[in-house]
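Over in Swiss-Prot, the protein carries these features:
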- 46, 53, 54, 55, 109, 112, 117: ATP binding site (BINDING)
- 209, 223: Mg(2+) binding site (BINDING)
- 274, 331, 332, 333: substrate binding site (BINDING)
- 9-254: domain 'ATP-grasp' (DOMAIN)
């Protein structure tokens, strides 16, 4: 689960991280009221959407030469003018796709006298099985680009889960970021704070880009992105309250109601599979034969007929889907249950695109018989390779 920048900053501030004074607003009237209460004279007006690249993004409704989704203002009047131009508009960034995201809230905060911009994040380093700091002097940039072009400029520092962030860890991080005097003292306080927040709140990513050194020599969190482990949210009702459903894909929201692992993608082949590994293999072979999957969907090992029906409805609700591939290896999951769910869903929502079904394992013969006796226009496949080729051929021939 993701949260907005202002929510992330508020959470980090509760742990003691240094942030600017700021307020989230939902209307022009609120913007004027609260901007007057900020010290000024420099303000920053930030679009709040779950996507990066906001500063370089463009609003669909405005001219191409208009400013992006993060703007500076030198007076309350300029703040209000920018809010009028940004609120309710559709912001397109490199992460939103061409459809963009509507800006329903803005964050207004004090400007900062920036001396240097740094990059800092915490994530789970699966190679060593530990939470790790990732830091770089190249703040404000796309860290993926830095990693690809100049990987030597990045330090990855795994943290011992027993000892936590040690003084030696702080020294390495401060040295890597070339922090001195007040900034170094701030860093020695900040790094353990961030690690504590990451672990206590079950985060999967905490990214500060940039972390700035101000001209007075102190550190400040200028931008923050936090993602949480969905499987741990039951422990954090306070975090669940921060969820903004308007920022999430409606299909993914519906899938979560049925305990389905679903991720929307940008392809045209809808996939329904049991097991994450088999689901990824299914997507891989679709790409191998020159097409793109429209989703990742794992119905799990013990799905019911109702769950399978719900999964099928979610796939068919995607207008980009031009064909559907059902790939089931029945171990705990029985092929006849899958077949019953598919048949029930097709009869309820109709079948407007080609459907290929590959079944293998427990009760395979019963499953095939259910589909065969249904009278539906379903293409059977003998194995995964055959299934992938058949669905792609059917879509291209449609």
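Yeah, the Cβs are placed from backbone N, Cα and C, and that goes for glycine too.
Overlay of Swiss-Prot annotations on the structure.
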residue : record                 : DSSP class
53      : ATP binding site       : coil
112     : ATP binding site       : coil
117     : ATP binding site       : strand
209     : Mg(2+) binding site    : strand
223     : Mg(2+) binding site    : coil
274     : substrate binding site : coil
331     : substrate binding site : coil
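The Cβ neighbour count for residue 223 (Mg(2+) binding site), using a 10 Å radius and every protein chain shown, is 21. For residue 46 (ATP binding site), the same-chain residues that are 6 or more apart in sequence and have a Cβ closer than 8 Å to its Cβ are 5, 6, 54, 69, 70, 106, 107, 108, 109.
Comparing local CB density within 10 A for the binding-site residues 112, 332, 333, the maximum falls on 333. In this entry, 274, 331, 332, 333 make up the residues listed for substrate, with the farthest two CA atoms of the set 10 Å from each other.
When averaged over the domain 'ATP-grasp' (9-254), pLDDT in the model lands at 94. Among the residues 46, 53, 54, 55, 109, 112, 117 said to bind ATP, no two Cα atoms are farther apart than 20 Å. Closest in space to residue 274 (substrate binding site), of the binding-site residues given as 53, 55, 117, 223, is 53, taking the CA atom of each residue. One residue stands out among the binding-site residues 109, 117 for having the most other Cβ atoms within 10 Å of its Cβ: 109.
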